[in-house]
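Visitor: There's a structure below that I have some questions on.
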């Protein structure tokens, strides 16, 4: 008999019900729970799957390049980046006939196309690509990398090439190689590309392999490097009237500290970016030589941690035992990696609009909105995942003996204080913020807007002033024309920074008022509540006062049977599940705030945001309703327009979102009864009863139904907002 799915669990494979399929899918990636798994095979499988992941990423990015080269308008866009709309790819079969064909034929294309809102055109242009041939070359290169990654993944599953467990647990060597190799060498290589290809490209020189050695990136060549006259590389930067991509107004500097933005492209100076990557490369190349491996020099991480015991004994045994705890737990390592990556992704969202690195991307408003929202949602999912794996670590990998009285054990010992403080912060933020919004809402409703409680964010304004923003009149630090820092800044470091902070044509240090103060605290409420749920889930994962033996039930369990009250909905998985709703809710507020403030800035009517954002009806009426009007009008008696597809997606997103509640609110008994009724009717109906299931149909478990509900809620929520965001922005600004 052929092996039934799932092959990794014989117990499940023999299950006579549809549970087999659902539990099989749910545990497919939980390698630790598979039959015949060993620590060695676990590490090897994960290692090999990383190569598969890389192969998919390279294939996907190769596809982006290939489709733009084949069906896009990159060469036309390069001629006029501000007025030509970049094409992502063609649409094969636009539905709804000729009106659809006409609506979607744009950007100078001959047929219907999708417009790119990903920023790839600006990125490729900035790094020196100019022709479709360049894009094809990049696509082929990435396809080759993808193939190599696949082969490497397969190779490392062959007996001869399987690394040993000791190799995986050699933390010092891995850190050295990742710091020096991944970050150091790749940053140095990127600096090389910027200096040799991108910067000459921005000055009208087309550098490729055939002329790479013939064109000096700097007139002096390597002379200043070897003679220690490094300042020569910063002299004669591009002038303020430099036209990007041409020699007009171009300088010769390659590594600068100008600060601020290129006046024409409104993006960071390429020579500043090259300098930044060179500095990063230097730091990480040094960092990659810090840890002790074969040569007996450098630090041993274990020794560092063992020695790291705070004086006075106030933190117990400090970091003793942590090295082995972390090094032997994949979940702990994954939790740390996800936490770091989540924070970095959110920082990317922030910096891509406030300090745009790619030429002309700041003037492509829809792309700016899409990239900000995209990176914030990604960050939210990654950060919640960090806590999920932290909780799994406590259940599966934590050893109380090994961690006696160290900082980790002490976190568990005083978890009540941590959880109650977070709870207090969340309650305080929630009641006060909502109280202010509701008060203001009532005042507007009663026709007395002057009775609103409007609080100026003076501390935040003071911080902005300290960094050089003069409009508030604080006259402090960098905003004080008499301070030594201000005077040094004019000449020594970042002379363009202070100009950029005080120009109104960018998103650096936007002017803030009472509306910003309120929404800031609403977001703080969301962040603290999400964190409360996640932290409580992880710290209570092993047990709580109500259920001291919780760890024996695993990561996700619905209840401990009907006979034990209070054990439902308190697994670590349930905490993750609840936190994701709060995470989505919080990022909703973040993106609403970002988008509305920027729409009014771009349209030149910032007073709309300032006046309407201080009360709830303002957000509902002047942001959500006003900006969804075009979506609600996507199909009308006059035919269709280029926003129709977003209007459809807006409706479809709501449908998917609402479907989530079918799984989230109705419980298992209802479904089991319904399924049995349907199966009974099916078996007694002629023709229909010729078809039999191999598996007896049963309802999803409570935990699985929650997962399916959460997935629909999340996907529908994001789909709906994506359509709203792109349509409302592109409808206004093209």
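Every residue gets a Cβ built from N, Cα and C, even glycine.
Quick paste from Swiss-Prot:
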{"type": "TRANSMEM", "residues": "46-69", "note": "transmembrane segment"}
{"type": "TRANSMEM", "residues": "135-158", "note": "transmembrane segment"}
{"type": "TRANSMEM", "residues": "175-199", "note": "transmembrane segment"}
{"type": "TRANSMEM", "residues": "273-291", "note": "transmembrane segment"}
{"type": "TRANSMEM", "residues": "330-353", "note": "transmembrane segment"}
{"type": "TRANSMEM", "residues": "369-395", "note": "transmembrane segment"}
{"type": "TRANSMEM", "residues": "417-439", "note": "transmembrane segment"}
{"type": "TRANSMEM", "residues": "517-535", "note": "transmembrane segment"}
{"type": "BINDING", "residues": "559, 568", "note": "[4Fe-4S] cluster binding site"}
{"type": "TRANSMEM", "residues": "575-596", "note": "transmembrane segment"}
{"type": "TRANSMEM", "residues": "643-665", "note": "transmembrane segment"}
{"type": "BINDING", "residues": "654", "note": "chlorophyll a B1 binding site"}
{"type": "BINDING", "residues": "662, 670", "note": "chlorophyll a B3 binding site"}
{"type": "BINDING", "residues": "671", "note": "phylloquinone binding site"}
{"type": "TRANSMEM", "residues": "707-727", "note": "transmembrane segment"}
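Explain the structural surroundings of these features, please.
Guide: Residues 31, 87-89, 116, 118, 120-121, 124, 132-133, 135-136, 138-140, 142-143, 145-147, 149-150, 152-154, 156-157, 163, 168, 330 of the same chain lie 6 or more positions beyond the ends of the transmembrane segment (46-69) yet place their CB under 8 Å from a CB of it.
Panel annotation: around the transmembrane segment (135-158), residues 44-45, 47-52, 54-56, 58-59, 61-63, 65-66, 68-69, 72, 74, 124, 129 of the same chain, lying at least six beyond its termini, place a Cβ under 8 Å from a Cβ of the stretch.
If one looks beyond the transmembrane segment (175-199) by at least 6 residues along the same chain, the residues whose Cβ comes under 8 Å of a Cβ in the stretch are 126-128, 207-208, 212, 217-218, 254-255, 270-271, 273-274, 277-278, 280-281, 283-285, 287-291, 293, 301.
The list of residues near the transmembrane segment (369-395) in space but at least 6 beyond its ends in sequence, with Cβ under 8 angstroms from a Cβ of it, reads 117-119, 329, 331-332, 334-336, 338-339, 341-343, 345-346, 348-349, 352-353, 412, 530, 534-535, 537-539, 541-542, 551, 554-555, 572-573, 575-576, 579-580, 583-584, 586-587, 590-591, 594-595, 598, 718, 721-722, 725-726, 729.
Distant neighbours of the transmembrane segment (417-439): 411, 452-453, 455, 518, 521-522, 524-525, 528-529, 531-532, 535-536, 539-540, 614-616; these residues of the same chain sit at least 6 beyond its ends, with a Cβ under 8 Å from one of its Cβ atoms.
Counting residues 6+ beyond its ends, the transmembrane segment (517-535) has Cβ neighbours under 8 Å at 384, 387, 418-419, 422-423, 425-426, 429-430, 432-433, 436-437, 455-457, 460, 575-576, 578-579, 582-583, 585-586, 589-590, 593, 613-614 in the same chain.
Residues within less than 8 Å, Cβ to Cβ, of residue 559 ([4Fe-4S] cluster binding site) and separated from it by at least 6 positions along the same chain comprise 567, 568, 569.
Long-range contacts of the transmembrane segment (643-665) within the same chain, counting only residues at least 6 positions beyond its ends with a Cβ under 8 Å from a Cβ of the stretch, are 96, 100, 103-104, 628, 630-635, 700, 705-706, 708-724, 726-727, 730-731.
Cβ neighbour count for residue 654 (chlorophyll a B1 binding site) (all protein chains, 10 Å cutoff from its Cβ): 15.
Counting only same-chain residues six or more apart in sequence, none has a Cβ lying under 8 angstroms from the Cβ of residue 670 (chlorophyll a B3 binding site).
Around the Cβ of residue 671 (phylloquinone binding site), 17 further Cβ atoms fall within 10 Å across all displayed protein chains.
Sequence-distant neighbours of the transmembrane segment (707-727) (same chain, 6+ residues past either end, Cβ-Cβ under 8 Å): 26, 117, 366, 369-370, 373, 377, 577, 580-581, 584, 588, 591, 595, 627-628, 630-631, 634, 643, 646-647, 649-650, 652-664, 700.
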Visitor: Determine the Cβ neighbour count for residue 568 ([4Fe-4S] cluster binding site): the number of other Cβ atoms within 10 Å of its Cβ.
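Guide: Result for residue 568 ([4Fe-4S] cluster binding site): 15 neighbouring Cβ atoms inside 10 Å.
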